[in-house]
Each structure stands twice: as structure tokens, then as C-alpha cells.
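To keep things clear, I will list the structure first and then write my remarks on it.
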Amino acid sequence: MAHLRGFANQHSRVDPEELFTKLDRIGKGSFGEVYKGIDNRTKEVVAIKIIDLEEAEDEIEDIQQEITVLSQCDSPYITRYFGSYLKSTKLWIIMEYLGGGSALDLLKPGPLEETYIATILREILKGLDYLHSERKIHRDIKAANVLLSEQGDVKLADFGVAGQLTDTQIKRNTFVGTPFWMAPEVIKQSAYDFKADIWSLGITAIELAKGEPPNSDLHPMRVLFLIPKNSPPTLEGHHSKPFKEFVEACLNKDPRFRPTAKELLKHKFITRYTKKTSFLTELIDRYKRWRSEGHGEESSSEDSDIDGDPEDGEQGPIWTFPPTIRPSPHGKLHKGTALHGPQKSAEPVKRQPRSQCLSTLVRPVFGELKEKHKQSGGGVGALEELENAFSLAEESCPGISDKLMAHLVERVQRFSHSRNHLTSTR
């Protein structure tokens, strides 16, 4: 309970259940649930994200980071944050309600026309232009993190891994994001800046066109090896030349030659193909019809074992927690975290150099291996010992696992290059 003391603030004694009424659950993830709710004082519809801090101890720094970043943002293209309340071990985060679902939801009934895609990308670019002007990097741009209001307004969400660029820290080298959307320089743990978001936007553009990002049929670990090694993905198929050129501009492997968000807003694909955001309500209506016809009832989520899951309701989830590589916290929540509404002067969160690959790569891979061994009748003792060795090494030398992974990636890339060279000379 010691880490909860950092949440002490003027709202800690206020019972959020007196201020807000919970309605249907509209989202669920590994460390929280989201409800549609009502602000009893204003009767305004809100989204209520409830997190059990005791169960989400490993994600506390992500939660703090999301609150810190959102409390500093004031833009129509960023999900609005109204405040946070602590009741026992439950943290209530009050957010703007966006009932149109995510851009990923809107892809489920079928492919999108380029006019819809360009309009969504334009609004994402406006959000990125704002963030980058505030020296912030989102670091996890993808369709699942783009939410829409019922009127078609498009807003960026999920700032748990967002980063702050300070005057003395022009580029970051933290290994975070979602593998399929990650820029090469992020995977290589080189210094990077807001241009990493532009790469992720290019992958998101392909996702909006094809329904999934490139390499989605591969294991995320394999993708981490391939992205720095291979040529950039391209938009294949019957798409307009401006759209293909837009994607190509975003997916330049050299971040110096990627355009900024402001420059991309002037790209001909954006200027020629877009419409008003109200046009996107057609996609929202299409998704609602698709759901009402009984599609998408079976959830592939690991959390689908809860009875009567309201995520299958008419609106669909407006807040999801997809697999993302996030910095693993070494410390707990710092005292003075903004929990009671916007505070523009909040300091950037300082992260300890713990290895992110433990929770995002090592443990999932060991989990898959152990499951396969169990199915084939084999033992898992040796695998558990090896997995524990990673944890022990991390305790004595924080960050060592990430260094190991970086060397493995480099070694595999060199091996693949040498093998390809030998094959070509035979």
C-alpha cells in the first residue's frame, strides 16, 4: 500500500461514486476497465477508467505517465481528461466519452475508401502536430489508439508510453511502442524524436487500407528483427498514387528525411481526398449495423471470459489495452502526480532503466513455449528456470535484458546478411 501514498491529493477523500454514475462497461484490458458514465453534477456523459492499483502495480508508472501527459494537453484532437479520484485501491480516471469506437473498430465490417482514410489521417496529423509542438511524442500510434466521437470527431488516445522531449533531451532512446508499428530507430534503441510517430502513422495508413499492419502474420519477436533489416513496407494494390506516395514519405528509414506532421497536412493525399469529419459518421453507422447483424460477437480477447461482456454492445469498446511495449517501472508513483485536473506545469516523468523486453517479449515467448511443451507432454521446469534467470539478472543489473536483446538483434541481422551474401555468390 505504500505506493498509494503518492496519490494523496484533494480528491483522495472524495467518493467518486457520489460524483459519477457507472453505466455499461465499454472496454477492458490487462489492468483496467472502462465504463460509460454520467457526471451527476452536470449530467454530462463521460468515460470512467477504473484501475485496481494493487493488481496493476507493474503498470503504475504507465498510469502516472498517461495522467501527466493528458493533464498537460489542451487540444480538440486529444482525448480530454477531467480528473482522477482514488477510492481505496481503485483509481478512477474520468475521460471524455467517445462513443464512435476506435478506427480499428471501423475497419471490422470491411475495407475503407480512400476518402475515409485520408480524413482520419488528417485528424491524426492534427493531433500529432499539436503534440510535437508541445515537445511530446505519442510513441504508440495505431488504429486502436484513435477514437471517434459519435459526431465523427477523431482524437488520439492511450498516452501510457508517451514521452516528453526537454531542451536538454532532444532525442530519446527508450524501447517502447507496439512491434508492428515501431520505427527502425526505436527498435535499434538509437536516439529518436517525434519522427518515430511519423513512421507509425505510415504503418497505420497501411493498416487502415488493408485491415492490418505489415507483417501481422509473423510473431512480434520476428518483426523486431525484420523492421530494421528489411526495406520499408509499401502500400500494395489498387490505391491512388497520392496515397502510395504519402505512405512512402512516412516510411523513410532515415528519420531525417521523413516529413513533419505539419508538412504532411499539406500533402496532396490529405488536401485532395479529405472531407469534413461528419462524413465519418457513415463509417460509425456501418459498424453499428454490422454489430447489430450479429457480427463480432465472439471476442478473441484474453479477457473475454467475463460473463455478459458489454464490449459487444452497440458502441463497441472505446478504450482498449492492446499489447504494447511499455517501460517497466522500477520506482512507484511520484508524490504530487496531477490527479485533480489539468496542470500545465507538470514535470515529465523520469523512468528507471528497467528492461521492457521482460514483459513484452521474454515472458510471452516463455509462456508460448511452456504451453507447447505441456501439450506435447513435456516438462516445463527447465524453461521456468531459464525465465527466472532473466528476472534475477534484471534485479541485480537493471536493463541487462534489453542490452542482451539488442545484441541478439544485431547478431541475427549480421548472420542473415552473411548467409544471404554467401547464397548470392554461389
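Keep in mind that glycine also has a Cβ here, set from the backbone N, Cα and C atoms.
The shown structure was predicted, so the numbers you read here are calculated from the model rather than taken from an experiment.
What Swiss-Prot says about this protein:
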DOMAIN    20-270  domain 'Protein kinase'
BINDING   Ile26, Gly27, Lys28, Gly29, Ser30, Phe31, Gly32, Glu33, Val34, Lys49  ATP binding site
ACT_SITE  Asp140  active site, proton acceptor
MOD_RES   Thr174  phosphothreonine
REGION    292-355  region 'Disordered'
Packing count at Val34 (ATP binding site) (other Cβ atoms within 10 Å of its Cβ):
25
Any idea what the Cα distance is from Lys28 (ATP binding site) over to the residue listed as 'active site, proton acceptor', rounded to a whole Å?
18
Gly32 (ATP binding site) versus the residue listed as 'active site, proton acceptor' - Cα distance in angstrom:
18
One finds that other Cβ atoms within 10 Å of the Cβ of Asp140 (active site, proton acceptor) number exactly 25
Integer mean pLDDT for the domain 'Protein kinase' (20-270):
87
